[in-house]
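*Asks:* A single structure is presented below for examination.
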Amino acid sequence: MDPYKYRPSSAYNTPFCTTNSGAPIWNNTAVMSVGERGPILLEDYQLIEKIATFTRERIPERVVHARGASAKGFFEVTHDVSDLSCADFLRAPGVQTPVIVRFSTVIHERVSPETVRDPRGFAVKFYTREGNFDLVGNNFPVFFVRDAMQFPDVIRAFKPNPKSHLQESWRFLDFCSYHPESLLSFAWFYDDVGIPINYRHMEGFGVQAYSLINKAGKARLVKFHWKPTCGVKSMLEEEAIRVGGSNHSHATQDLYESIAAGNFPEWRLYIQTIDYEDQNNYDFEPLDTTIAWPEDVVPLRPVGRLVLNKNIDNFFAENEMLAFSMSLVPGIHYSDDKMLQARSFAYADTQRHRLGPNYLQLPVNAPKCPHHNNHHEGFMNFMHRDEEVNYFPSRYDACRHAEKYPMPPNVLSGKRERCVIPKENHNFKQAGDRYRSWAPDRQERFVNRFVEALSDSKVTHEVRNIWISYWTQADRSLGQKIASRMNARPNM
C-alpha cells in the first residue's frame with residue numbers, strides 16, 4: 001500500500017479543510033452555539049470529532065526504549081558471506097537492502113533527556129526480498145541477566161520507584177546483588193561509554209546469539225556488531241549536564257541535521273561465528289548474554305556497511321508506530337539463547353498492545369516484498385481483500401507451500417526442568433579484564449561513578465559489602481579502591 005495515497009492532509013490537494021469523512025469545513029475557528037453567548041450544541045460534529053481525535057492522539061509508549069529517533073537508508077554487502085548464510089540479502093557483495101533504524105534510550109520515558117546514563121538501543125529493520133529481518137540490539141554487547149525469567153524484574157529495578165517515581169540506584173543495586181553475572185554490564189554502564197555523545201558515534205551489538213544457516217544446511221552461532229566509521233565518542237558528566245540542560249533532544253537533532261546536510265552516518269557490520277558442533281569446546285557459554293565472545297578467540301569478520309541517508313517524513317508514523325518484532329528470513333534463525341527466545345515473543349506482543357493486532361499492516365512495518373497469508377480482520381485492519389478463500393489448503397486457491405529452506409539441525413534431549421546456565425566462571429573475569437584495559441583516569445572515573453551509586457542512603461551495608469566483594473573478585477585493586485571510599489573492608 002502506498003502510504004502517500006491516503007494522507008488526508010495533502011493527498012488530493014484540497015484548497016480547504018475537511019472532516020475525517022471528507023465533508024468541507026467552512027469555519028474551523030468557532031464552535032456551533034446558540035447565539036453568540038449561548039451554550040455549545042451537541043450536534044457540532046465538527047467540534048466533537050476534533051476534540052475526540054485530539055484526546056486520542058497519544059498511544060501507549062514502549063515499556064522500554066520509549067525515547068528514540070529513526071532514520072532510513074540502506075545496507076550493502078561488502079564481503080562474501082555466502083558460505084555462512086543462504087539469506088538472500090547477503091547473497092553477494094554489492095547487494096543493497098533498504099532499512100530503517102531506530103536509536104533509543106532503554107529505561108527512561110518518551111520525553112526524557114538524551115544525555116542520561118542509560119544503555120542505548122540500536123534496532124535495524126531490513127526490508128529484504130524474502131521479508132523483513134529485524135536485528136534488535138543495544139550499544140553494550142552484554143546484558144545484566146542471563147535468564148529470560150528475570151528480564152521483567154531487572155527492567156523494573158532500573159525503572160523509577162513505583163511509589164515516588166524517582167529513579168534510585170539502591171533498587172537496581174539491590175536486585176543485581178543477586179546477579180554477579182551483571183558485573184560486565186556495569187563495567188559498560190558506568191564506563192565513559194555510558195553516555196554516548198550522539199547516535200552517530202555509537203556502537204551497536206546484537207547482544208544475543210543468533211543462528212546462520214548456509215545452503216548446505218550447516219549452522220553456526222553468530223553475534224552481530226555495528227562499528228561507526230566516525231569512531232566511538234562519549235560525554236562525561238559535566239558535558240552531559242550542560243548539553244542536556246539546553247537541549248533534551250540533542251541526539252535526535254544531531255542525527256536529523258547531519259542527514260539533512262548530507263553528512264550520512266555509516267556503520268560497518270561485523271560478525272563472530274561459532275560452529276554448532278563446537279559450542280561446548282569453549283570455557284565460556286556461547287548462549288550466555290552476560291558475557292562477550294572474546295575477539296581473540298572468536299575473531300570478527302566483516303560483512304557490510306549501513307548508511308543512513310534519508311530522514312523520516314513523519315515522527316509519529318515512522319518512529320512511534322515503527323515496530324520491531326524479531327522477524328526472521330531464510331538463512332537466519334534463533335539460537336537456543338534463552339533471552340533471545342523470550343524476546344521473540346515479548347517484542348511482537350508489546351507491539352500488539354501498543355498498535356493493535358494488525359501493526360504489521362502499517363506502512364513502516366509492512367514488508368516491501370509480495371506477501372500473503374490468511375490472517376484476516378481484527379482491530380484496525382485496513383487491507384482491502386476480495387478473495388473468497390481464507391483457509392489453507394484449497395483447490396480454489398493457487399497458494400502453496402514455499403520451497404523448504406535450511407534450518408538449524410541441532411538435536412535436543414533432556415528432561416523438563418527449570419535450571420541455570422552451568423558455566424558461570426566468567427562472572428568476574430571479563431569485568432576485571434575490561435577494567436584493567438582502561439587508562440588510570442578512566443578507571444578513576446568508573447570508581448567515582450560506582451561509589452556515588454553505592455552512596456545512596458538506602459543502600460544497606462549488606463548490599464555494599466556484596467558489591468565490594470564482587471569487584472574485588474573482578475580486580476583486587478578495584479575492590480580495594482571502592483572499599484576505601486566507602487570506609488569498608490574488601491572481602492573475597
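Cβ atoms here come from the backbone N, Cα and C positions, even for glycine.
If you look up Swiss-Prot, you'll see H65, N138 marked as active site, on the strength of sequence analysis. Here Swiss-Prot flags Y347 as heme binding site, drawing on similarity to another entry.
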*Asks:* Going by DSSP, give the three-state secondary structure for Y347 (heme binding site).
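*Replies:* In three-state terms, Y347 (heme binding site) counts as helix.
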*Asks:* Report, in whole Å, the straight Cα-to-Cα distance of H65 (active site) from Y347 (heme binding site).
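*Replies:* Cα of Y347 (heme binding site) to Cα of H65 (active site) measures 11 Å after rounding.
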*Asks:* Could you measure between H65 (active site) and N138 (active site) for me? Cα positions, answer in whole angstrom.
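*Replies:* On Cα coordinates alone, these residues lie 10 Å apart.
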